[in-house]
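These notes concern the structure reproduced below.
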Amino acid sequence: MQILVVDHPLVAHKLTALRDERTDSPTFRRLTEELVTLLAYEATRDVRTGPVTVQTPVAEAQGVKLTSPKPLVVPILRAGLGMLEGMTRLLPTAEVGFLGMVRNEETLMASTYAERLPEDLSGRQCYVLDPMLATGGTLAAAIQFLVERGADHITAICLLAAPEGVERIERELAELAVPCNLVIAGMDAHLNDKGYIVPGLGDAGDRLYGVAQ
Ligand SMILES: O=P(O)(O)OC[C@H]1O[C@H](OP(=O)(O)OP(=O)(O)O)[C@H](O)[C@@H]1O
Ligand SMILES: O=c1cc[nH]c(=O)[nH]1
Ligand SMILES: [Mg+2]
């Protein structure tokens with residue numbers, strides 16, 4: 001897996017504000033969107049394009065356009081939904097599919113409770129959105145699922161990752177025959193005994209949408 005930690009002062013500035021426990025929900029949502037747009041710029045460097053010729057008012061120009069099939073953006077509910085707007089701002093023609101996944105806060109095992117994705121993802125480039133890569137269980141399962149459906153190129157965009165989770169994904173997906181990239185705003189120190197990223201930003205879903213029941 002190729003890992004890119006986006007090193008940019010604006011990313012660092014917005015991430016610091018996002019971490020701050022005093023940041024309220026509306027501001028947290030706005031910062032998440034802004035951060036994702038910045039990360040998406042890097043994450044889409046290898047989005048598939050083909051050559052095209054256009055007529056300017058002056059002459060013909062050679063350019064590029066996104067090719068078919070369209071990229072598929074997959075936010076992992078709930079927290080990944082907060083990243084969707086920031087992503088589609090940069091990739092407005094992308095299709096969107098949804099995966100609802102939740103981590104059991106005691107066992108830290110991820111399970112899927114909703115799925116709305118095309119049946120056949122053959123030849124599709126997929127962008128998975130989830131702000132937190134903690135133990136890596138959620139993201140590893142999501143990537144496996146997309147590859148089983150036929151996706152042939154995966155880029156995960158996360159705000160924060162823990163080294164333990166990244167190692168797990170690299171281990172579990174080592175045999176994957178599909179190129180897999182990870183783009184993050186920051187790599188944090190470690191996980192605490194509850195599986196939270198340290199220093200992290202707390203529970204991303206709760207900070208975006210309020211405490212889940
Ligand atoms: O790497 P992992 O240890 O699997 O943990 C990361 C997952 O935990 C959070 O979701 P959560 O289960 O809290 O669901 P939510 O988005 O509905 O709050 C987060 O958005 C990831 O999906
Ligand atoms: O730190 C963490 C870990 C998992 N999920 C979150 O929202 N935050
Ligand atoms: Mg949560």
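Quick reminder: no glycine exception, Cβ is built from N, Cα and C everywhere.
Copied over from TrEMBL, here are the features:
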type: DOMAIN; residues: 5-210; note: domain 'Phosphoribosyltransferase'
type: BINDING; residues: Arg78, Arg103, Asp130, Pro131, Met132, Leu133, Ala134, Thr135, Gly136, Gly137, Thr138, Asp203; note: 5-phospho-alpha-D-ribose 1-diphosphate binding site
type: BINDING; residues: Ile197, Gly202, Asp203, Ala204; note: uracil binding site
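Shown on the structure are the features that TrEMBL records.
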| residue | record | contacts (Cβ under 8 Å, 6+ apart) |
| --- | --- | --- |
| Arg78 | 5-phospho-alpha-D-ribose 1-diphosphate binding site | Gly100, Gly205, Leu208, Tyr209, Ala212 |
| Asp130 | 5-phospho-alpha-D-ribose 1-diphosphate binding site | Pro75, Ile76, Ala79, Gly80, Met83, Thr138, Leu139, Ala142, Ala156, Ile157, Cys158 |
| Met132 | 5-phospho-alpha-D-ribose 1-diphosphate binding site | Ala79, Cys158, Leu159, Leu160, Ala161, Ile197, Gly200, Leu201, Ala204 |
| Ala134 | 5-phospho-alpha-D-ribose 1-diphosphate binding site | Arg103, Ala162, Glu164, Gly165, Leu191, Gly195, Tyr196, Ile197 |
| Gly136 | 5-phospho-alpha-D-ribose 1-diphosphate binding site | Ala162, Glu164, Gly165, Val166, Glu167, Arg168, Ile169, Glu172 |
| Gly202 | uracil binding site | Glu21, Tyr196 |
| Asp203 | uracil binding site | Tyr196, Val211 |
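A sphere of 10 angstroms centred on the C-beta of Thr138 (5-phospho-alpha-D-ribose 1-diphosphate binding site) encloses 26 other C-beta atoms. Within 8 A of the CB centroid of the uracil site residues Ile197, Gly202, Asp203, Ala204, the other residues of that chain are Pro131, Met132, Tyr196, Gly200, Leu201, Gly205, Asp206, Arg207. In the vicinity of ligand 2, defined as a Cβ distance under 6 Å, the following of the binding-site residues Asp130, Gly136, Ile197, Ala204 are placed: Ile197, Ala204.
Overall, the recorded 5-phospho-alpha-D-ribose 1-diphosphate-binding residues Arg78, Arg103, Asp130, Pro131, Met132, Leu133, Ala134, Thr135, Gly136, Gly137, Thr138, Asp203 cover a maximum inter-Cα distance of 17 Å. Take the CB of Ile197 (uracil binding site) and look out to 10 A: across all protein chains shown you find 27 other CB atoms.
Classification of Ile197 (uracil binding site) by DSSP places it within a strand. Thr138 (5-phospho-alpha-D-ribose 1-diphosphate binding site) falls within a helix when secondary structure is assigned with DSSP. In the three-state DSSP scheme, Met132 (5-phospho-alpha-D-ribose 1-diphosphate binding site) falls into the strand class.
For ligand 3, the binding-site residues lying close by, meaning a CB under 6 A from one of its atoms, are Asp203; the full candidate list was Met132, Gly136, Thr138, Gly202, Asp203.
Under the DSSP three-state reduction, Arg78 (5-phospho-alpha-D-ribose 1-diphosphate binding site) is assigned to coil, being neither helix nor strand. Ligand 1 lies under 6 Å from the Cβ of the following binding-site residues, listed in sequence order from Asp130, Gly136, Ile197, Gly202: Asp130, Gly136.
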